[in-house]
Amino acid sequence: MNIADGRQAFPAPAKLNLDLRITGRREDGYHNIESIFCLIDLQDTVYLKPRDDGKIILHNPVGGIPQEADLSYRAASLLQKYARNLAGVEIWLDKKIPTGAGLGGGSSDAATVLLVLNRWWQCGLTQWQLIDLGAALGADVPFFIFGKNAFASGIGKKLIGMDIPKQWYVIVKPPVHVSTAKIFTYEGLTRDSASSIMPTFQNLQPFRNDMQAVVFKEYPEVWKAYSELSKYGSAMMTGSGACIFAAFQARNSAYNIYRQVSGLYEAYLAEGLSKHPLLSV
C-alpha cells in the first residue's frame, strides 16, 4: 500500500512455537533447538520509503532502543553492502505484536525489511542467502524469511516446510517481560531432548516447550496466565515467553474463550496462516 508521502506498507506477521525442544548446547554457547513454527495473522506493519543518499533512518525506535540496536535498522545496514547503488531507506514501525512476548515481532520486522530491500536495492540475494544473513540478527529471523510454516532445527537455520491444520489461537500476555538470556543460562533448563526422527505435525504430538517449566518457576505471572487459559483448552507457552496460547479448531470456540480471558489479560485472537503475506505481494 502506498502512502501519500511516498511510504509503502508491508506486513510482518507474528509466530507461535507449537512445539519447542532443546536438543543440546553448542561449543559456541548457543543451543540447538527443534521447533514447529506457525505464522499467525497478528502482525506489525513496516513502512518503507527509499532514499538515494545511502542513509538509513528509523523514525520510531521501539521501547527506547537506540536506532543502531533495532533489528529493523540492523537488517537494512547488513543488506546495504550488497546494494548496487547508493541505496538508503526510511523505516517506520506500526507495532501490533507485543514485545518480549515470544511472538517474534522484532525478528519479523527485520525479515520484512530484508525481503523488501533485497528487491528494491537489486541485491540479488537468494532466499537462503537472506536466511544466512538474517541468522546474524536472531534465531527467529530465518523462519520469517523462509515464509511458511516449518520445522526448524539447529540454531533455527535448518528449515523444512510443514503442513499445519487450520486453527485459531487465543493468546494471553501476562504483565511481565521474560529475559531469554536468563532462561537459556538457567542451570535446571532441559538441554537434552531427543531429536525427532520423522518430524511431522502428528508425530511430534503431544507438544511441549522445554523452557516452560523454568519460566513458570522464575516468573509466577506466566504460570498464572497458563493456569487461567488451561481452564479452556490445552495451553502452552510460545518461545521463551511470556505469552501463553491455546489452539481451537473453530473460530467461534476461540472467540468465546478470547472474550473470557480478555478481561483478565492483554489478549489476542489470531488465525493461523499457511504462508507469509509477502509471498502474495
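Glycine too: its Cβ is placed from the backbone N, Cα and C atoms.
Lifted from Swiss-Prot, the feature list:
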ACT_SITE  Lys15  active site
ACT_SITE  Asp140  active site
BINDING   Pro98, Thr99, Gly100, Ala101, Gly102, Leu103, Gly104, Gly105, Gly106, Ser107, Ser108  ATP binding site
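Here the features listed in Swiss-Prot are painted onto the structure.
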residue : record           : DSSP class
Lys15   : active site      : strand
Pro98   : ATP binding site : coil
Gly104  : ATP binding site : coil
Asp140  : active site      : coil
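Residues Pro98, Thr99, Gly100, Ala101, Gly102, Leu103, Gly104, Gly105, Gly106, Ser107, Ser108 make up the record's ATP site, and a Cβ search at 8 Å around their centroid adds Ala14, Ile97, Gly239 from the same chain.
Listed binding-site residues near Asp140 (active site): Gly106, Ser108 (candidates Pro98, Gly100, Gly106, Ser108; Cα-Cα distance within 10 Å).
Of Gly104, Gly106, Ser108, all annotated as binding-site residues, the residue with the shortest Cα distance to Lys15 (active site) is Gly104.
Neighbour counts were taken as the number of other C-beta atoms within 10 angstroms of each residue's C-beta; across the binding-site residues Pro98, Gly104, Gly106, the minimum falls on Pro98. With a 10 A radius on its CB, Asp140 (active site) counts 26 other CB atoms from all the protein chains.
All chains included, 28 other C-beta atoms sit within 10 angstroms of the C-beta of Ser108 (ATP binding site).
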